[in-house]
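Undergrad: Okay, here's the structure, questions in a sec.
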Amino acid sequence: MQLIAAIFCILLAVLGFKSLHLFATSNGLLGHLERIITNKSTPAGRPLRNLTTGGRFPRIDLQLNAVATFLLLSCEDYSEPDVNLVGFWFDLSWGPSWILIVLESFREYSQSRLMSWIAIPGLFIFNQSHAVFTSLYLAIRLLVAVPATTEESLMIDAIHAHAIPWSFLLGYILPISLMALPGVSIYNFNTQHMLASFYQQWHLYISMVHILLVTLWTHTETIGRLEDGDLKTSLSTVKPVYALAFAMSVISVWIPILVSFAIRTLQRIRKARPFNHKNLQLSSIFIPPSPWSNAKCKNAFEGGKWLLQWDGIVGGLSTAVWAVALYAEARSAVEPQEGLGSFCTRLMLYMVLGGPIGVATGALWERDMLLLQRI
């Protein structure tokens, strides 16, 4: 099962490369972005000072400026509501994928192995693309990781399990909200642009917060209380991690749906000019054009939306394939004769509620229930 899943993830990585890198070239997105960066302006045409390294390292300045300029596609203002919603969906669906990867890296079956070191994969994932490098990384995990089919293999230090939700709240959700929500200002626009540039390495800041929390709790009585209450990994130990991941996946899907419905309903009631009405259709928000089509983006906003859509879809699917494979491996070892009908029904429910990342979160939670309830 894991070999088949790894092959699927590799195929998804190929699809990701085609959908992001090649499609962004053919549809004109890269040309639009190059002109914006050269003009030192925002995607909407506002003047933008390059507040990165101040010209000391031109190549780094170019990289940082490109990243922050791309971020502005979905968060500069509310003039492109469909792009705002797609950016919101992408940020809140990418986070849970990394939460699940971090959680698995702390498991006993990952310790003292290559799979416990996720900093280098994180550099590629957060610098290049979720779709390509998450898919490749998870394929490698499936090929080399020891199967987690016993309760001992799922053991995790309680202090790490308790720190994960806080590290993502403080190191990911809070900063990305301050920098990515349209209309939120940090001192001034150029300062916000600079901070967004340097915050590209999301996983490093998440790790820094995690290390600080673990260090702080280790030198206080907190660690003693955690160890007294969680001598072994239990469902209650990891439940907050899954709850955060699933909540983020649900919010990422349903907030854009509800906002799209509300805006289109208000436009009909007020009989106002349907500004971007077509772009707020659910099909426009969640379904990008085929990367094999000859579609051309009319501006950087549209091209950026397509890129984020494919990045989130392919990256989410690879995470779901990986998680379902881990569940199947555990189930085949514990309850090989039991039917999969009820599990497939639950997977469909997870899909409706939280999309592919909801499926991934649900599958790993089901795996944990299957093994840890035996303790």
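Glycine residues also receive a Cβ, built from the backbone N, Cα and C atoms like all the rest.
Keep in mind that what you see is a predicted model, and the values were worked out from it rather than measured.
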Undergrad: Write down the single range among 145-163, 202-220 that appears in TrEMBL as transmembrane segment.
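TA: Spelled out, TrEMBL records transmembrane segment over residues 202-220, not the other listed ranges.
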Undergrad: Given pairs 6 or more apart, does the transmembrane segment (306-327) have at least three Cβ pairs under 8 Å with the transmembrane segment (202-220)?
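TA: No, the transmembrane segment (306-327) and the transmembrane segment (202-220) are not in contact.
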Undergrad: Cβ under 8 Å to the transmembrane segment (202-220), counting only same-chain residues 6 or more beyond its ends: which ones?
TA: 98, 102, 118-119, 122-123, 125-126, 159-160, 162-164, 166-168, 170-172, 175-176, 226
Undergrad: Counting only residues 6+ away from its ends, which parts of the chain sit with a Cβ under 8 Å from the transmembrane segment (240-263)?
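TA: Tertiary neighbours of the transmembrane segment (240-263) are 81, 85-86, 88-93, 95-96, 99-100, 103, 161-162, 164-165, 168-169, 173, 280-282, 285-286, 353-355, 357-358, 361-362, 364-365, 368.
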